[in-house]
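Noted in Swiss-Prot for the protein shown:
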BINDING   SER26, GLY27, GLY28, PRO29, ASP30, SER31  ATP binding site
Amino acid sequence: MEARVEQFIENNRLFGMETNVLVAVSGGPDSMALLAIMANLREKWKLNLFGVHVNHRLRGEESNKDAELVQSFSARLGVPCNVKDVDVAAFKAEHHVGTQQAARALRYQVFQGEMERVHATVLLTAHHGDDEVETAFMKLTRGTTPLTKLGIAATRPFANGVLARPLLEETKRSIVAYCHEKAIPYRIDQSNFSDAYTRNRFRMNMAPYLVEENPHIHKHIGRFDRWQEEDNHYLMEQAKAHLDQILTKKSEKSIELEIQALCLAPFPLQRRMIHLILNYLHLNVYGVNDMRVFPDAIEQIQAFLQTSAPSAQLDLPGRVQVKRSYGTCLFTTAPFIETKAYCHLLSIPGKVDTPLGVIRADTREELLELEHTDAVSFQVSQVAFPLYIRNRKPGDKLSPSGMSGSKKVNRLFIDRKVDRAKRDAWPLLVDANDSILWVPSLQTSRILTRSANVQGELLHVTFSQHKWP
């Protein structure tokens, strides 16, 4: 088995000579066998070898015994091994995810930190051929896409190097036999036999029959994946280049683009661009680039972008929201403003903080000639005091300057293409009679129409908007 694993390392160029290698060791037979094999190859390959164990503290004393066994076996092999405890419950509460997702995210955070600490460029995990079969059929069952691998990759970029899986062509049976042959100790996690987890159900109920039909099924899945991966790599590079061309804004938590530019692209590129966007946002939320994109999610987004409504919002799992506003589409994880009704007295001089920005008021001796709509200047005698800053109410209307009749504030927002997420938070300047004097940045009322002969004290009100993702 050692010779096969070494050949796999060479064929797939998992790492070279004189490399700093970190092995993730859980205490189970797979990772303990991997650690032993790497310890045997250490001198020949001139490796600096390290181990890391993550104690998720999910099984009480059993978890502690796993950690103790890993430490003692690593010491026996002369491999420095660091054990790190993590708080899965706290991560679950903060990020609103399940136990398995929280444990995985924390585990890989530890792996990244440990790679940096020991200056490792390669992280080895003990995924094997049976895992590949389980993974492939789990993905097919839940609805995978050709955008991602069907099985498990031999390598992938991770932290400041790569994550590699040297045991992918080995079966579970061969690994356990190796442990018995070499007297390698290991522990069995009893939760691996629980029907509560999807992977366990596939492992116990489906995989044995598939392996019985063809003991080399994991190799066939691997070959299928390699061919598909080459095809997908080419299409994904095309999608990345096209996405870079149509992006209008990009931040850590949001991506904005023109809807028409996305919809004009061929469907294979559309799907891959959406996939790239979701992965980018998911990485910034959880710190792990493992977003599982279901086909119906991608198609749902495509259909959403084709709707005739000028503005709409789509909520997706993973705290991702897709918002279309007229010709643009915003993919974001940034929280949208949730505004309750507010009404604040506007002191003169003074200021009012609103969810969208700051309103300031002061008196002036001269009427300003304004060249923008973020400020308004008028005679104090024109309005009924006190003045207030509030957000909109149902049925709000104003009498627009330069127009006859009245206009609903909601219609004003629509006509001026104000983002739906901002409308309920938008500040309005009203007088003592609750008449709308000014919709900042959008419209003034006829009440503030300037007279030919300006006399008396003048009031100047400005609106400074916050930055919006």
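Yeah, the Cβs are placed from backbone N, Cα and C, and that goes for glycine too.
Not measured: the values here are computed from a predicted model.
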**OP:** Excluding SER26, GLY27, GLY28, PRO29, ASP30, SER31, please set out which residues of the same chain place their CB within 8 Å of the center of the CB atoms of the ATP site, keeping sequence order.
**Re:** VAL25, MET32, ALA33, ALA126, TYR186, ARG187
Subject >> ASP30 (ATP binding site) - helix vs strand vs coil (DSSP) >> reply: helix
Original post:
Within 10 angstroms of the C-beta of SER26 (ATP binding site), what count of other C-beta atoms is obtained when all protein chains are considered?
Top reply: 21
Subject >> Long-range Cβ environment of GLY28 (ATP binding site), under 8 Å and at least 6 residues apart >> reply: ALA126, TYR186, ARG187, ILE188, ASP189
**OP:** May I ask which residues of the same chain, at least 6 positions away in sequence, place their Cβ under 8 angstroms from the Cβ of GLY27 (ATP binding site)?
**Re:** HIS53, ASP66, ALA67, LEU69, VAL70, TYR186, ARG187, ASP189
Original post:
So for ASP30 (ATP binding site), how many other CB atoms are inside 10 Å of its CB?
Top reply: 23
Original post:
What are the non-local neighbours of PRO29 (ATP binding site), defined as same-chain residues 6+ apart in sequence with CB under 8 A from its CB?
Top reply: ILE175, VAL176, CYS179, ILE184, TYR186, ILE188
Original post:
Using a Cβ-Cβ cut-off under 8 angstroms and a sequence gap of six or more, which residues of the chain neighbour SER31 (ATP binding site)?
Top reply: VAL23, ALA24, VAL25, THR125, ALA126
